[in-house]
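Enquirer: Before I ask anything, let me first share the structure, which is written out below as structure tokens.
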Amino acid sequence: MLSTDFEYPLWESLSQVCGIDEAGRGPLAGPVVAAAVVFPRHFRPTGIFAKLDDSKKLTAELRDELALAIRESAESWALGVVDAETIDRINILQATMLAMNLAVESLGSTPEFLLVDGNRFRPVLPIPYQTIVKGDSKVFSIAAASVLAKTHRDELMTTSAAEYPEYGFEVHFGYPTARHVEAIARHGRCAIHRQSFKLRKLGEK
């Protein structure tokens, strides 16, 4: 079970500690989505939060349940979404940084400290931060952000599946599965595909 033990030393002197994570760096289609989550100072998770973990390790049903609990319990939360066209224009790393910063800037108030999943971050606002490799499986606030980012992105891709039914976005959410690669080979790419993400299997360079 993830606890808020990582946040507690920060809460001794700060009240606005924010967890940040993203979803959708690797897919061939769709946006990259980041979430920023601030829990109340000295928050102690109970109940369904005992099941919180890196969103990739959770079932879709549990992610949805946790997302609801996170939104209800958080002091504030926000999302940042960067579309495929922008990803192609500025590259996926820059797009991920942009999504994270958009999420932070969309919070109701400016956090005092950021806990960021991964090993790099480029803040727009002058806020102190710490990057944590595999933070979504170590830090409560980051895991919560990973769930919000993943569930929102999945919802966006499911909506896109209705517009582009031939690709099966509601199943693989844009990731490079065999079914998705086959659909691209048969139909070409659609408007939400990342043109800069090339497939060697299809001879793309």
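We count from 1, first residue shown onward.
Positions of Cβ are set from backbone N, Cα and C atoms, glycine also.
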Enquirer: According to Swiss-Prot, D21, E22 bind divalent metal cation; which one of D117, D154 is listed for that same site?
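Expert: Record source Swiss-Prot; matching candidate: D117.
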Enquirer: Below 8 Å Cβ to Cβ and six or more residues apart, same chain only. Which residues does that give for D21 (divalent metal cation binding site)?
Expert: A34, A35, S55, V116, D117, G135, D136, I142, A143, A145, S146, A149
Enquirer: Starting from the Cβ of D117 (divalent metal cation binding site), draw a 10 Å sphere and report how many other Cβ atoms land inside it.
Expert: 27
Enquirer: Looking at Cβ-Cβ distances, which residues of the chain lie under 8 angstroms from E22 (divalent metal cation binding site) while being 6 or more apart from it?
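Expert: For E22 (divalent metal cation binding site), the qualifying residues are V32, V33, A34, A35, T96, A99, M100, D117, A149.
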